[in-house]
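**Student:** One structure is given below, represented as structure tokens, and several questions about it will come after.
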Amino acid sequence: MHRGGVLPLLLPRKKDRTELFSTDTILFTVIGVGLALAATVMLLQQRRTPQSAAAWLLAILLIPYVAIPLFFALGFRKKNDRHPTIRFSDPGCGCPADPAQGASEAFRAFGLPPAKGGNRIELHRDADHARHAMRELIETAEHEIDVTFYLIHNDALGRDFIERLTEKVRAGVRVRLIIDRLGGFFHPREALERFMVAGGELRWHQPFLNWPMQGHMNLRNHRKMIIADRARAWTGGRNVGLEYMSFPASGAPEIGRPDLWRDLSFTLEGPAVETLWDVFRADWGVAEGEVEPLPPLHVAARPGEAVVQVVPSGPDTHLDPLHDVLVQMIHAATRRVWIATPYYLPTEPLNAALCTAARRGVDVRVMVPAKSNQRIADFARGAYLRALHEAGGRVLQLPGQMTHAKAGVIDDVAWAGTANFDVRSMLLNFEVAIFLYDRPSVAGLAEWFATEAATCREGVRRPGLGRRLAEGVFRLGAPML
């Protein structure tokens, strides 16, 4: 054996040690430092919450080889060169209504169209109702159907949905379809091929990674809507898949069935549909990297009395209208703040507003599934739910079943749509919500919430030490989730 023992044999020779500082090593080090500095500069220039910026900076410092690639894939919020602000064909005229609500005027300050009267809205309280309303909308369309979904599953319902669209194409109706590339990864490929062969138009929203940075993996299109003839629309929280809408009709109630999700969607008819169509038109342009021309104003019928305001949010809106106005509304609430969401990861301003409202004596209720389909989100939400509970808010958990509805009631205003009550929906994704200002519509949504809440278990359990530690770790990463 070597006189000096085994250790000298394991250490690099003098020449090998010199190679540690070779040209390649220096080059990779310089590139790494340069990318870290570039990521830091871009991060500090973005409009972010302090906890989000701090989380990213900490990750870049401690785990740069993981955090830097993730930042360039996931860390961008607004890319207005790629996502120009939505242009509305009716920015402030048409059939405006004055609901005497601060929320409506607050949204207008972000450049959004006003609330409009003369609409008819119909809530889909169960999966069968939602499915039948969807089919009726498609079957009765005469000229054009415009569709956006985050995902369309490759299952019986997804294939049936695409086949129905294909039949309308063959009947001479123009059909345009947008699917998010990430959400629609497992799509009904063969059905979509038949759809395109028949003459249907398909565009994908942003591939995972484009070079040079034409799209962005982090900015997903989470909107869900079907618009027929620019006059009637189907929208809400439901995607196209068996868990969202049972198929075929089972005859059994949804309550208590873990294979069927509880969700909420609705049909809208009237002047507000024009704004929803403007959102689709902008999405259609984004999916192809072009700006859609502004069409002539479509004068819609007034089939009802509902006062509705369409509120898009995401990279194609000025700042964060949905998030910022919700914070304002919660702080101004005097009677009730009811929120239904599948994933509860609020921003710090939303979390503080809810806890403050509960301490002021406002009836604050948050309805979530006891166990969602996203375990990481469940870990990260624990501390937020306990904080709300300790402040006097009511936490309602649906046992044994997933609820995917996104809706709320604040005093005499209600809303429903595609946005979860989490950082991603409020600050990142392309989302759309429908705000309701007339009494019958608000009462209808409040009744839906109360019916769902009656099946929930109230309160939060105190977790053990291991669970609290895991929640703490995931909460640190919540701004990046």
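Cβ atoms are placed via backbone N, Cα and C, with glycine included.
Annotation comment: TrEMBL describes 217-244, 399-425 as domain 'PLD phosphodiesterase'. Among the features that TrEMBL reports, transmembrane segment is placed at 20-44, 56-76.
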**Student:** Taking a Cβ cut-off under 8 Å, which residues six or more beyond the ends of the domain 'PLD phosphodiesterase' (217-244) line up next to it in the same chain?
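**Tutor:** Distant Cβ neighbours of the domain 'PLD phosphodiesterase' (217-244) are 73-77, 79, 83, 124, 127, 130, 133-134, 137-138, 140-153, 155-158, 161, 178, 180, 182-183, 205-206, 208-209, 259-261, 263-269, 273-274, 276-277, 279-280, 283, 286, 298, 300-301, 312, 314-315, 402, 404-407, 416-419, 425, 428-432, 434.
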**Student:** As a quick check of your reading of DSSP, tell me how many residues in the domain 'PLD phosphodiesterase' (217-244) are helical, how many are strand and how many are coil.
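**Tutor:** Looking at the domain 'PLD phosphodiesterase' (217-244) with DSSP, the answer is 0 helix, 11 strand, 17 coil.
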**Student:** Kindly state the mean pLDDT of the domain 'PLD phosphodiesterase' (399-425) in the predicted structure.
**Tutor:** 95
